(Lines of atoms letter the chains of each structure in order from A and count residues from 1; the text may use other names and numbers.)
(Lines give C-alpha, C1' and ligand atoms only; values in the text may rest on other atoms or scores of the structure.)
Protein backbone atom coordinates (compact mmCIF):
# COMPACT_ATOMS: atom_id res chain seq x y z
CA UNK A 1 0.00 0.00 0.00
CA UNK A 2 1.45 3.37 -1.02
CA UNK A 3 2.47 5.63 1.86
CA UNK A 4 1.27 8.99 0.60
CA UNK A 5 -0.26 10.80 3.58
CA UNK A 6 1.21 12.78 6.45
CA UNK A 7 -0.43 12.76 9.87
CA UNK A 8 0.00 16.18 11.52
CA UNK A 9 -0.61 16.53 15.25
CA UNK A 10 -1.40 20.01 16.56
CA UNK A 11 -1.26 20.02 20.35
CA UNK A 12 -2.73 23.40 21.34
CA UNK A 13 -3.58 25.24 24.55
CA UNK A 14 -7.24 24.20 24.73
CA UNK A 15 -7.46 21.23 22.37
CA UNK A 16 -5.53 18.60 20.45
CA UNK A 17 -6.09 18.08 16.74
CA UNK A 18 -5.00 15.50 14.20
CA UNK A 19 -5.12 16.18 10.47
CA UNK A 20 -4.30 14.03 7.48
CA UNK A 21 -2.61 15.89 4.65
CA UNK A 22 -2.12 14.56 1.12
CA UNK A 23 0.73 15.03 -1.36
CA UNK A 24 -0.90 18.23 -2.68
CA UNK A 25 -0.79 19.81 0.77
CA UNK A 26 -4.58 19.54 1.15
CA UNK A 27 -6.17 18.73 4.52
CA UNK A 28 -8.42 15.73 3.93
CA UNK A 29 -9.54 14.97 7.47
CA UNK A 30 -9.59 16.54 10.95
CA UNK A 31 -10.34 15.28 14.45
CA UNK A 32 -10.31 17.51 17.52
CA UNK A 33 -10.66 16.98 21.26
CA UNK A 34 -10.68 19.55 24.06
CA UNK A 35 -9.20 18.90 27.49
CA UNK A 36 -9.48 20.47 30.95
CA UNK A 37 -7.82 23.72 31.96
CA UNK A 38 -6.63 23.62 35.58
CA UNK A 39 -6.44 26.87 37.56
CA UNK A 40 -5.00 26.05 41.03
CA UNK A 41 -4.62 29.76 41.95
CA UNK A 42 -5.27 33.11 40.21
CA UNK A 43 -2.79 33.52 37.35
CA UNK A 44 -1.76 29.85 37.40
CA UNK A 45 -2.63 27.62 34.43
CA UNK A 46 -1.90 23.90 34.30
CA UNK A 47 -2.83 20.86 32.19
CA UNK A 48 -2.78 17.15 32.92
CA UNK A 49 0.00 15.79 30.68
CA UNK A 50 -1.70 12.37 30.75
CA UNK A 51 -4.96 13.93 29.59
CA UNK A 52 -3.11 15.66 26.74
CA UNK A 53 -1.63 12.28 25.77
CA UNK A 54 -5.08 10.61 25.90
CA UNK A 55 -6.51 13.39 23.71
CA UNK A 56 -3.73 12.81 21.14
CA UNK A 57 -4.50 9.07 20.98
CA UNK A 58 -8.21 9.87 20.60
CA UNK A 59 -7.71 12.29 17.69
CA UNK A 60 -5.30 9.95 15.89
CA UNK A 61 -7.86 7.13 16.04
CA UNK A 62 -10.66 9.57 15.19
CA UNK A 63 -9.06 11.01 12.05
CA UNK A 64 -8.02 7.60 10.69
CA UNK A 65 -11.54 6.25 11.19
CA UNK A 66 -13.21 9.37 9.80
CA UNK A 67 -11.14 9.38 6.59
CA UNK A 68 -11.06 5.58 6.25
CA UNK A 69 -7.31 5.80 5.73
CA UNK A 70 -5.19 2.90 6.94
CA UNK A 71 -2.20 3.56 9.18
CA UNK A 72 -0.22 1.65 6.50
CA UNK A 73 -0.76 4.67 4.20
CA UNK A 74 0.82 7.17 6.64
CA UNK A 75 4.35 8.05 5.50
CA UNK A 76 5.24 10.06 8.60
CA UNK A 77 4.06 12.13 11.54
CA UNK A 78 4.67 15.85 12.10
CA UNK A 79 4.13 17.49 15.49
CA UNK A 80 3.45 21.13 16.31
CA UNK A 81 2.78 22.24 19.84
CA UNK A 82 1.89 25.00 22.28
CA UNK A 83 5.35 26.29 23.08
CA UNK A 84 6.98 26.67 26.52
CA UNK A 85 4.45 24.41 28.34
CA UNK A 86 6.58 22.16 30.55
CA UNK A 87 6.36 18.52 31.70
CA UNK A 88 8.65 16.55 34.03
CA UNK A 89 8.13 12.80 34.20
CA UNK A 90 9.56 9.61 35.69
CA UNK A 91 11.93 7.93 33.23
CA UNK A 92 10.94 4.39 34.27
CA UNK A 93 7.16 4.62 34.69
CA UNK A 94 6.55 7.44 32.19
CA UNK A 95 4.29 9.16 34.74
CA UNK A 96 4.44 12.96 35.15
CA UNK A 97 5.49 14.03 38.65
CA UNK A 98 3.30 17.17 38.44
CA UNK A 99 0.84 18.79 36.04
CA UNK A 100 2.19 20.42 32.88
CA UNK A 101 2.74 24.14 33.62
CA UNK A 102 1.25 26.10 30.71
CA UNK A 103 2.96 28.93 28.82
CA UNK A 104 0.32 31.42 30.09
CA UNK A 105 0.93 30.58 33.74
CA UNK A 106 2.49 33.25 35.95
CA UNK A 107 3.34 30.97 38.89
CA UNK A 108 7.10 31.37 38.44
CA UNK A 109 7.08 35.16 38.89
CA UNK A 110 9.10 34.89 42.13
CA UNK A 111 11.83 32.87 40.39
CA UNK A 112 11.95 35.50 37.64
CA UNK A 113 12.19 38.33 40.17
CA UNK A 114 15.15 36.60 41.80
CA UNK A 115 16.91 36.15 38.44
CA UNK A 116 16.46 39.86 37.71
CA UNK A 117 17.72 40.74 41.19
CA UNK A 118 20.78 38.53 40.64
CA UNK A 119 21.53 40.46 37.44
CA UNK A 120 20.98 37.69 34.89
CA UNK A 121 19.00 39.74 32.33
CA UNK A 122 21.90 40.52 30.00
CA UNK A 123 23.29 36.98 30.18
CA UNK A 124 19.93 35.47 29.28
CA UNK A 125 19.32 37.99 26.52
CA UNK A 126 22.75 37.51 24.97
CA UNK A 127 22.60 33.70 24.98
CA UNK A 128 18.92 32.88 24.41
CA UNK A 129 17.45 35.96 22.67
CA UNK A 130 14.67 35.93 25.31
CA UNK A 131 13.59 38.05 28.28
CA UNK A 132 13.28 36.93 31.89
CA UNK A 133 9.58 36.08 32.05
CA UNK A 134 7.38 33.30 33.50
CA UNK A 135 6.34 32.62 29.88
CA UNK A 136 9.44 30.50 29.16
CA UNK A 137 10.03 26.87 30.12
CA UNK A 138 13.17 26.99 32.28
CA UNK A 139 11.60 28.68 35.31
CA UNK A 140 8.64 26.27 35.09
CA UNK A 141 11.02 23.29 35.35
CA UNK A 142 12.72 24.95 38.34
CA UNK A 143 9.31 25.47 40.02
CA UNK A 144 8.36 21.78 39.65
CA UNK A 145 11.74 20.62 41.00
CA UNK A 146 11.26 22.99 43.97
CA UNK A 147 7.69 21.93 44.77
CA UNK A 148 7.70 18.14 44.36
CA UNK A 149 9.37 16.26 47.24
CA UNK A 150 12.69 14.68 46.28
CA UNK A 151 12.45 15.84 42.65
CA UNK A 152 15.80 17.68 42.54
CA UNK A 153 17.66 14.65 43.91
CA UNK A 154 15.94 12.27 41.49
CA UNK A 155 16.64 14.61 38.55
CA UNK A 156 20.34 14.68 39.45
CA UNK A 157 20.38 10.85 39.50
CA UNK A 158 18.91 10.79 35.98
CA UNK A 159 15.56 9.36 37.12
CA UNK A 160 13.45 12.28 35.80
CA UNK A 161 13.09 13.73 32.31
CA UNK A 162 12.21 17.28 31.24
CA UNK A 163 10.48 18.30 28.06
CA UNK A 164 8.17 20.73 26.34
CA UNK A 165 4.99 19.17 24.91
CA UNK A 166 6.68 17.99 21.69
CA UNK A 167 9.23 16.04 23.74
CA UNK A 168 6.52 14.47 25.91
CA UNK A 169 4.49 13.36 22.88
CA UNK A 170 7.49 11.88 21.03
CA UNK A 171 8.49 10.00 24.20
CA UNK A 172 4.98 8.54 24.52
CA UNK A 173 4.51 7.80 20.80
CA UNK A 174 7.83 5.96 20.60
CA UNK A 175 7.38 4.04 23.85
CA UNK A 176 10.27 5.91 25.48
CA UNK A 177 12.75 5.27 22.66
CA UNK A 178 13.32 8.94 21.86
CA UNK A 179 13.87 11.80 24.34
CA UNK A 180 14.29 14.68 21.90
CA UNK A 181 13.18 18.18 20.98
CA UNK A 182 13.83 20.38 17.96
CA UNK A 183 15.70 23.68 17.68
CA UNK A 184 12.54 25.81 17.65
CA UNK A 185 11.25 24.41 20.95
CA UNK A 186 14.68 24.30 22.63
CA UNK A 187 15.06 28.02 21.91
CA UNK A 188 12.03 28.77 24.16
CA UNK A 189 13.43 27.22 27.35
CA UNK A 190 15.85 29.93 28.69
CA UNK A 191 18.38 27.05 28.88
CA UNK A 192 19.54 26.78 25.26
CA UNK A 193 22.26 28.89 23.68
CA UNK A 194 20.84 29.81 20.26
CA UNK A 195 24.25 30.87 18.93
CA UNK A 196 26.37 27.88 20.05
CA UNK A 197 23.39 25.52 19.52
CA UNK A 198 23.77 23.69 22.82
CA UNK A 199 22.35 23.49 26.32
CA UNK A 200 24.30 26.18 28.15
CA UNK A 201 26.18 25.26 31.35
CA UNK A 202 25.92 28.78 32.80
CA UNK A 203 22.15 28.89 32.22
CA UNK A 204 21.66 25.39 33.65
CA UNK A 205 23.65 26.38 36.74
CA UNK A 206 21.65 29.61 37.04
CA UNK A 207 18.39 27.63 37.39
CA UNK A 208 20.05 24.53 38.90
CA UNK A 209 18.62 22.24 36.19
CA UNK A 210 20.51 18.91 35.93
CA UNK A 211 21.78 18.25 32.40
CA UNK A 212 20.79 14.56 32.74
CA UNK A 213 17.09 15.42 32.43
CA UNK A 214 17.35 17.40 29.18
CA UNK A 215 16.31 16.07 25.76
CA UNK A 216 18.65 15.81 22.78
CA UNK A 217 18.15 18.75 20.38
CA UNK A 218 17.60 17.65 16.78
CA UNK A 219 16.72 19.30 13.44
CA UNK A 220 13.06 20.15 12.83
CA UNK A 221 12.87 17.71 9.92
CA UNK A 222 14.33 14.22 10.17
CA UNK A 223 13.21 10.70 11.08
CA UNK A 224 13.63 10.65 14.87
CA UNK A 225 12.15 7.24 15.73
CA UNK A 226 9.19 5.01 14.89
CA UNK A 227 5.98 4.85 16.87
CA UNK A 228 5.31 1.72 18.88
CA UNK A 229 2.86 -0.46 16.90
CA UNK A 230 0.08 -0.55 19.52
CA UNK A 231 -0.63 3.18 19.05
CA UNK A 232 -1.16 2.82 15.32
CA UNK A 233 -3.24 -0.29 14.78
CA UNK A 234 -0.15 -2.46 14.43
CA UNK A 235 2.06 -0.10 12.41
CA UNK A 236 5.42 1.49 13.10
CA UNK A 237 5.21 5.02 11.66
CA UNK A 238 8.19 7.41 11.60
CA UNK A 239 7.95 10.59 13.69
CA UNK A 240 9.70 12.95 11.29
CA UNK A 241 8.94 16.64 11.94
CA UNK A 242 8.68 18.96 14.97
CA UNK A 243 8.23 22.71 15.35
CA UNK A 244 6.69 25.01 17.95
CA UNK A 245 3.35 26.42 16.77
CA UNK A 246 4.48 29.88 15.63
CA UNK A 247 7.59 28.62 13.85
CA UNK A 248 5.45 25.91 12.20
CA UNK A 249 3.08 28.64 10.94
CA UNK A 250 6.05 30.57 9.49
CA UNK A 251 7.09 27.39 7.66
CA UNK A 252 3.53 26.58 6.59
CA UNK A 253 3.24 30.09 5.12
CA UNK A 254 6.27 29.39 2.94
CA UNK A 255 8.29 32.21 4.56
CA UNK A 256 11.57 30.58 3.57
CA UNK A 257 13.45 33.69 2.43
CA UNK A 258 15.12 36.23 4.68
CA UNK A 259 12.75 39.16 5.30
CA UNK A 260 9.52 37.21 4.77
CA UNK A 261 7.05 37.62 7.64
CA UNK A 262 3.72 36.27 8.84
CA UNK A 263 1.14 37.46 11.34
CA UNK A 264 -1.20 35.03 13.06
CA UNK A 265 -4.34 36.84 14.27
CA UNK A 266 -5.59 34.70 17.13
CA UNK A 267 -6.64 35.77 20.63
CA UNK A 268 -3.45 37.82 20.41
CA UNK A 269 -1.12 38.25 17.43
CA UNK A 270 2.16 36.49 16.81
CA UNK A 271 4.45 38.08 14.24
CA UNK A 272 7.55 36.29 13.02
CA UNK A 273 10.09 37.47 10.46
CA UNK A 274 12.63 35.08 8.94
CA UNK A 275 16.10 36.63 9.35
CA UNK A 276 17.94 33.79 7.59
CA UNK A 277 21.07 32.10 8.93
CA UNK A 278 21.99 35.15 11.00
CA UNK A 279 20.44 35.86 14.38
CA UNK A 280 19.36 39.48 14.78
CA UNK A 281 19.65 40.87 18.31
CA UNK A 282 16.73 43.17 18.99
CA UNK A 283 17.11 46.68 20.39
CA UNK A 284 13.32 47.13 20.31
CA UNK A 285 11.90 44.60 22.75
CA UNK A 286 11.49 41.73 20.27
CA UNK A 287 12.57 38.14 20.85
CA UNK A 288 15.30 36.46 18.83
CA UNK A 289 14.41 32.83 18.29
CA UNK A 290 15.33 29.78 16.23
CA UNK A 291 12.91 29.29 13.35
CA UNK A 292 13.90 25.73 12.41
CA UNK A 293 16.82 23.45 11.70
CA UNK A 294 16.84 21.95 8.23
CA UNK A 295 19.31 20.67 5.62
CA UNK A 296 22.21 20.81 8.07
CA UNK A 297 21.72 24.45 9.06
CA UNK A 298 19.50 26.58 11.30
CA UNK A 299 17.54 29.70 10.47
CA UNK A 300 16.53 32.43 12.89
CA UNK A 301 13.50 34.67 13.34
CA UNK A 302 12.50 37.85 15.13
CA UNK A 303 9.27 37.50 17.08
CA UNK A 304 6.85 40.04 18.49
CA UNK A 305 3.62 39.31 20.29
CA UNK A 306 0.52 41.47 20.67
CA UNK A 307 -1.53 40.52 23.72
CA UNK A 308 -4.98 41.53 22.50
CA UNK A 309 -6.24 40.97 18.94
CA UNK A 310 -9.19 38.62 18.37
CA UNK A 311 -10.07 39.03 22.04
CA UNK A 312 -10.83 42.73 21.33
CA UNK A 313 -13.48 41.60 18.84
CA UNK A 314 -14.83 39.14 21.42
CA UNK A 315 -15.03 42.08 23.85
CA UNK A 316 -17.22 43.98 21.35
CA UNK A 317 -19.46 40.92 21.20
CA UNK A 318 -19.54 39.65 24.80
CA UNK A 319 -18.57 42.66 26.92
CA UNK A 320 -20.19 45.58 25.09
CA UNK A 321 -22.76 43.55 23.09
CA UNK A 322 -22.19 45.80 20.06
CA UNK A 323 -22.17 42.84 17.66
CA UNK A 324 -24.03 39.52 17.73
CA UNK A 325 -21.14 37.56 16.24
CA UNK A 326 -17.52 38.47 15.61
CA UNK A 327 -17.93 38.39 11.83
CA UNK A 328 -20.53 41.23 12.05
CA UNK A 329 -17.70 43.63 12.94
CA UNK A 330 -16.59 43.71 9.28
CA UNK A 331 -20.04 44.83 8.11
CA UNK A 332 -20.30 47.64 10.71
CA UNK A 333 -16.75 48.89 10.05
CA UNK A 334 -17.33 48.97 6.28
CA UNK A 335 -20.48 51.15 6.53
CA UNK A 336 -18.46 54.29 7.26
CA UNK A 337 -15.53 55.98 5.53
CA UNK A 338 -13.43 56.48 8.66
CA UNK A 339 -13.52 56.13 12.44
CA UNK A 340 -13.73 59.96 12.68
CA UNK A 341 -10.75 60.41 14.99
CA UNK A 342 -11.77 57.65 17.42
CA UNK A 343 -8.91 55.44 18.68
CA UNK A 344 -9.26 52.33 20.84
CA UNK A 345 -6.13 51.21 22.70
CA UNK A 346 -7.03 47.61 23.71
CA UNK A 347 -4.45 47.33 26.51
CA UNK A 348 -6.70 45.14 28.68
CA UNK A 349 -3.68 43.24 30.04
CA UNK A 350 -1.01 45.80 29.22
CA UNK A 351 0.83 46.21 25.91
CA UNK A 352 3.24 43.65 24.44
CA UNK A 353 6.00 44.30 21.90
CA UNK A 354 7.51 46.80 21.37
CA UNK A 355 6.15 48.67 24.44
CA UNK A 356 6.29 45.93 27.10
CA UNK A 357 4.16 47.99 29.46
CA UNK A 358 2.22 45.70 31.78
CA UNK A 359 0.64 48.56 33.79
CA UNK A 360 -1.15 50.43 30.98
CA UNK A 361 -4.87 49.67 30.61
CA UNK A 362 -7.39 49.95 27.79
CA UNK A 363 -8.62 53.38 26.72
CA UNK A 364 -10.77 55.10 24.08
CA UNK A 365 -9.99 58.56 22.68
CA UNK A 366 -11.66 61.04 20.36
CA UNK A 367 -15.31 60.42 21.26
CA UNK A 368 -17.84 63.11 20.30
CA UNK A 369 -21.61 63.36 20.54
CA UNK A 370 -21.70 62.10 16.95
CA UNK A 371 -19.77 58.88 17.67
CA UNK A 372 -21.86 55.79 16.98
CA UNK A 373 -21.12 52.13 17.33
CA UNK A 374 -19.82 51.90 13.76
CA UNK A 375 -16.93 54.23 14.64
CA UNK A 376 -16.26 52.34 17.86
CA UNK A 377 -16.20 48.94 16.12
CA UNK A 378 -14.07 50.24 13.27
CA UNK A 379 -11.57 51.83 15.67
CA UNK A 380 -11.29 48.53 17.57
CA UNK A 381 -10.46 46.63 14.38
CA UNK A 382 -8.01 49.33 13.33
CA UNK A 383 -6.15 48.93 16.65
CA UNK A 384 -5.07 45.42 15.58
CA UNK A 385 -3.51 46.85 12.41
CA UNK A 386 -1.78 49.70 14.26
CA UNK A 387 -0.24 47.28 16.78
CA UNK A 388 0.95 45.07 13.91
CA UNK A 389 2.65 48.07 12.31
CA UNK A 390 4.34 48.87 15.64
CA UNK A 391 5.89 45.40 15.74
CA UNK A 392 6.82 45.26 12.06
CA UNK A 393 8.46 48.69 12.28
CA UNK A 394 10.56 47.38 15.20
CA UNK A 395 11.48 44.31 13.10
CA UNK A 396 12.57 46.51 10.20
CA UNK A 397 14.64 48.69 12.56
CA UNK A 398 16.37 45.66 14.09
CA UNK A 399 16.96 43.68 10.92
CA UNK A 400 17.56 46.45 8.39
CA UNK A 401 15.19 44.53 6.10
CA UNK A 402 12.22 46.30 4.49
CA UNK A 403 9.08 44.20 4.45
CA UNK A 404 7.76 43.53 0.93
CA UNK A 405 4.53 41.68 1.81
CA UNK A 406 2.89 40.33 4.95
CA UNK A 407 1.35 36.85 4.96
CA UNK A 408 -1.56 36.39 7.35
CA UNK A 409 -3.50 33.58 9.01
CA UNK A 410 -5.63 32.94 12.11
CA UNK A 411 -9.30 33.69 12.78
CA UNK A 412 -9.36 37.47 12.27
CA UNK A 413 -7.54 37.18 8.92
CA UNK A 414 -10.97 36.27 7.46
CA UNK A 415 -12.07 39.89 8.13
CA UNK A 416 -11.68 41.66 4.76
CA UNK A 417 -12.02 45.15 6.23
CA UNK A 418 -9.21 44.47 8.72
CA UNK A 419 -6.92 42.95 6.07
CA UNK A 420 -7.43 45.91 3.71
CA UNK A 421 -6.77 48.40 6.52
CA UNK A 422 -3.72 46.35 7.53
CA UNK A 423 -2.30 46.70 4.02
CA UNK A 424 -3.11 50.42 3.96
CA UNK A 425 -1.52 51.22 7.32
CA UNK A 426 1.61 49.16 6.56
CA UNK A 427 1.98 50.42 3.02
CA UNK A 428 2.67 46.87 1.76
CA UNK A 429 0.40 44.17 0.28
CA UNK A 430 -1.16 41.59 2.60
CA UNK A 431 -1.53 37.99 1.36
CA UNK A 432 -4.07 35.54 2.77
CA UNK A 433 -3.68 31.87 1.81
CA UNK A 434 -6.51 29.55 0.78
CA UNK A 435 -5.55 27.11 3.52
CA UNK A 436 -5.50 28.97 6.82
CA UNK A 437 -4.29 25.89 8.76
CA UNK A 438 -0.72 27.08 8.35
CA UNK A 439 0.52 25.74 11.71
CA UNK A 440 -0.56 22.19 10.90
CA UNK A 441 0.76 22.50 7.34
CA UNK A 442 4.15 23.57 8.68
CA UNK A 443 4.43 20.43 10.81
CA UNK A 444 3.23 18.28 7.90
CA UNK A 445 5.70 19.83 5.45
CA UNK A 446 8.63 19.31 7.86
CA UNK A 447 7.71 15.63 8.30
CA UNK A 448 7.02 15.15 4.59
CA UNK A 449 10.46 16.51 3.65
CA UNK A 450 12.12 13.98 5.96
CA UNK A 451 10.26 10.96 4.53
CA UNK A 452 10.36 12.03 0.88
CA UNK A 453 6.73 13.03 0.29
CA UNK A 454 8.11 16.40 -0.84
CA UNK A 455 11.56 16.87 -2.33
CA UNK A 456 12.51 20.33 -1.10
CA UNK A 457 11.24 23.75 -0.03
CA UNK A 458 10.70 24.77 -3.66
CA UNK A 459 8.19 21.96 -4.09
CA UNK A 460 6.44 22.98 -0.86
CA UNK A 461 6.19 26.60 -2.07
CA UNK A 462 4.00 25.40 -4.95
CA UNK A 463 1.43 24.13 -2.43
CA UNK A 464 0.99 27.62 -0.93
CA UNK A 465 -2.11 28.97 -2.70
CA UNK A 466 -3.29 32.57 -2.54
CA UNK A 467 -6.88 33.25 -1.48
CA UNK A 468 -6.71 37.05 -1.68
CA UNK A 469 -4.07 39.75 -2.01
CA UNK A 470 -4.94 43.11 -0.43
CA UNK A 471 -3.16 45.94 -2.26
CA UNK A 472 -2.37 49.33 -0.70
CA UNK A 473 -5.11 51.89 -1.47
CA UNK A 474 -4.36 54.63 1.06
CA UNK A 475 -2.26 57.73 0.30
CA UNK A 476 1.00 58.15 2.22
CA UNK A 477 0.04 61.37 4.04
CA UNK A 478 -3.28 59.90 5.22
CA UNK A 479 -1.48 56.77 6.47
CA UNK A 480 1.04 58.77 8.49
CA UNK A 481 -1.64 61.08 9.95
CA UNK A 482 -3.65 58.10 11.18
CA UNK A 483 -0.57 56.37 12.58
CA UNK A 484 0.54 59.54 14.38
CA UNK A 485 -2.91 59.67 16.01
CA UNK A 486 -2.45 56.07 17.19
CA UNK A 487 0.85 56.96 18.85
CA UNK A 488 -0.76 59.92 20.62
CA UNK A 489 -3.49 57.60 21.90
CA UNK A 490 -0.96 55.04 23.20
CA UNK A 491 1.06 57.77 24.96
CA UNK A 492 -2.10 59.17 26.55
CA UNK A 493 -3.14 55.70 27.74
CA UNK A 494 0.34 55.17 29.22
CA UNK A 495 0.10 58.51 31.05
CA UNK A 496 -3.12 57.37 32.75
CA UNK A 497 -1.78 54.90 35.31
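Note: Cβ is positioned from N, Cα and C throughout, glycine not excepted.
Features as listed in Swiss-Prot:
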BINDING   13, 14, 15, 267, 310, 314, 411  ATP binding site
BINDING   13, 83, 84, 135, 245  sn-glycerol 3-phosphate binding site
BINDING   13, 17, 267, 310, 411, 415  ADP binding site
BINDING   83, 84, 135, 245, 246  glycerol binding site
MOD_RES   231  phosphohistidine
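This view paints the features noted in Swiss-Prot onto the structure.
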{"residue": "13", "record": "ATP binding site", "Cβ within 10 Å": "19"}
{"residue": "14", "record": "ATP binding site", "Cβ within 10 Å": "11"}
{"residue": "15", "record": "ATP binding site", "Cβ within 10 Å": "14"}
{"residue": "17", "record": "ADP binding site", "Cβ within 10 Å": "22"}
{"residue": "83", "record": "sn-glycerol 3-phosphate binding site", "Cβ within 10 Å": "26"}
{"residue": "84", "record": "sn-glycerol 3-phosphate binding site", "Cβ within 10 Å": "26"}
{"residue": "246", "record": "glycerol binding site", "Cβ within 10 Å": "24"}
{"residue": "310", "record": "ATP binding site", "Cβ within 10 Å": "19"}
{"residue": "411", "record": "ATP binding site", "Cβ within 10 Å": "16"}
{"residue": "415", "record": "ADP binding site", "Cβ within 10 Å": "22"}
Identify all same-chain residues not among 83, 84, 135, 245, 246 whose C-beta atom falls within 8 angstroms of the centroid of the glycerol site's C-beta atoms; report them in sequence order. 82, 85, 103, 188, 244
Would you mind sorting out which of 17, 135, 267, 415 (the binding-site residues) have a C-alpha within 10 A of the one on residue 246 (glycerol binding site)? none
One finds that other Cβ atoms within 10 Å of the Cβ of residue 245 (sn-glycerol 3-phosphate binding site) number exactly 27
Would you list, in sequence order, the binding-site residues among 13, 17, 314 whose CA lies within 10 Å of the CA of residue 83 (sn-glycerol 3-phosphate binding site)? 13
Consider the binding-site residues 135, 245, 267, 310 and say which one has the Cα lying nearest the Cα of residue 17 (ADP binding site). 245
Looking at ADP and its recorded binding residues 13, 17, 267, 310, 411, 415, figure out the farthest C-alpha pair and report it in angstrom, whole number. 24
Write out the long-range same-chain contacts of residue 267 (ATP binding site), meaning residues 6 or more apart in sequence whose Cβ is under 8 Å from its Cβ. 308, 309, 310, 311
Counting all other Cβ atoms within 10 Å across every protein chain shown, which of the binding-site residues 135, 314 scores highest? 135
With residue 415 (ADP binding site) as the reference Cα, tell me which of the binding-site residues 13, 14, 15, 135, 314 is the closest one. 314
Which of these binding-site residues is closest to residue 135 (sn-glycerol 3-phosphate binding site) if you go by CA atoms: 13, 15, 314, 411? 13
Could you round the CA separation between residue 84 (sn-glycerol 3-phosphate binding site) and residue 13 (ATP binding site) to a whole angstrom and send it over? 11
Three-state secondary structure, which DSSP defines for residue 314 (ATP binding site): helix
The correct three-state DSSP answer for residue 14 (ATP binding site) is coil
Can you tell me the CA-to-CA distance separating residue 314 (ATP binding site) and residue 245 (sn-glycerol 3-phosphate binding site), as a whole number of Å? 23
Sort the binding-site residues 13, 14, 15, 411 by C-alpha distance from residue 245 (sn-glycerol 3-phosphate binding site) and give me just the closest. 13
